[in-house]
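Engineer: This structure is in structure tokens; I'll ask about it shortly.
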Ligand SMILES: Cc1ncc(COP(=O)(O)O)c(C=O)c1O
């Protein structure tokens, strides 16, 4: 029988359906889903508006090249206009976060006519060749070298390290909160300095908001926490309400220099993706998802701190909005497994962090459930460590 390659460790359960912040396995066990398909299901599973838009679009027309116009794309543009990052009035749609990063890197090279890209230690930007080149983890990169270069990795949150950004830098790519790298929020002075330096040397600042974007951190765009404007924003995951779609936002001064043939995609901006994004925007506005993420994130963090901070193996509980990491002094895999046994799905970040990426629908009792499950996972990990 043909084998489906997964590239991820199998979690040992078969999920058959999802609704809101919950999923169910084949034995009808209910789980709180703080994994959310690597953060995609921020609007919850099976959002009614997203489903209705997709069904209708499927019936009307599901595929149509960008060479032709169609009403759903016009509707999407109208909806997205109120949510787009400030000054970034040009949009290209693709299908995954990595593809959005690829396009951003291509554009930076074309516009600046420079080659070097600066990224940061612990960064994650995807696994296609360009995106992988600016991803920090050597384990992901080394088997595929030589990658696209030159790339220089600087210390994240270290203003001094920004001196290496010079007139030969085409672009700097940064996550406002490093996700895969360990849920590490950027410091305000770091982001402000990064903006200043890139402006000074005319390097393009690419804000990779694939994980942080669309409300998760308590603002529609996480870089808004730092009162800065950026040159390019890449988005993905949450923006399609579960449908695979990504986006690159650009300002006019870059958009004007893009020519026919510079990029393209068979599926990019297809009517189904446009329908999904339109619906997601409607939900984002009517449900005020960013405000909810901010309030709920603060509450969740408080509950987690109360219940977990006293454990010796807990180094730090940190995050922004509903992007939360419990950083341990040890490998978190056993705790993540115990969380799953307690019917709470979470994921690993970096080498030592338990990561929660909840749907915005999470309630206080869900938070208590997750915190109690985390306490069990952490206390058992701690006792096992003491015993060994
Ligand atoms: C910040 C960031 N950029 C890019 C990506 C790659 O996205 P995708 O897996 O959709 O290609 C991810 C995925 O986790 C991400 O977190």
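Any Cβ shown, glycine's included, is placed from N, Cα and C.
The feature pyridoxal 5'-phosphate binding site is assigned by TrEMBL to 124, 208, 209, 210, 211, 266. Taken from TrEMBL, the feature substrate binding site covers 127, 265. Positions annotated as N6-(pyridoxal phosphate)lysine by TrEMBL: 237.
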Engineer: Of 124, 127, 209, 265, 266, which binding-site residues come close to ligand 1, meaning Cβ under 6 Å from one of its atoms?
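Structural biologist: Only 124 meet the Cβ criterion.
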Engineer: Taking only the Cα atoms, work out how far the residue listed as 'N6-(pyridoxal phosphate)lysine' lies from residue 209 (pyridoxal 5'-phosphate binding site), in Å, as a whole number.
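Structural biologist: Rounded to the nearest whole number, the Cα-Cα distance is 9 Å.
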Engineer: Among the binding-site residues 211, 265, 266, which residue has its Cβ surrounded by the fewest other Cβ atoms within 10 Å?
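Structural biologist: If we count Cβ atoms within 10 Å for the binding-site residues 211, 265, 266, the smallest count is at 266.
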Engineer: Which residues, sitting 6 or more apart from residue 209 (pyridoxal 5'-phosphate binding site) on the same chain, put a CB under 8 Å from its CB?
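Structural biologist: Listed in sequence order: 175, 176, 221, 222, 223, 233, 234, 235.
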Engineer: So which of the recorded positions is most packed in, judged by how many other Cβ atoms lie within 10 Å of its Cβ, out of 127, 237?
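Structural biologist: That would be 237, with the highest Cβ count within 10 Å.
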Engineer: For residue 124 (pyridoxal 5'-phosphate binding site), write down the residues of its own chain that are at least 6 apart in sequence and whose Cβ falls under 8 Å from its Cβ; none is a fine answer.
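Structural biologist: The answer is 135, 136, 137, 175, 178, 179, 180, 181.
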Engineer: Report the largest Cα to Cα distance, in Å and rounded to a whole number, among the residues 124, 208, 209, 210, 211, 266 that the record lists as binding pyridoxal 5'-phosphate.
Structural biologist: 26
Engineer: Can you check which residues sit near residue 208 (pyridoxal 5'-phosphate binding site), meaning Cβ under 8 Å from its Cβ, same chain, 6 or more apart in sequence, and list them in order?
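Structural biologist: Residues satisfying the criterion: 97, 101, 104, 125, 173, 174, 175, 234.
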Engineer: Looking only at C-alpha atoms, tell me how far residue 210 (pyridoxal 5'-phosphate binding site) is from residue 127 (substrate binding site), rounded to the nearest Å.
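Structural biologist: Given the Cα positions, residue 210 (pyridoxal 5'-phosphate binding site) is 13 Å from residue 127 (substrate binding site).
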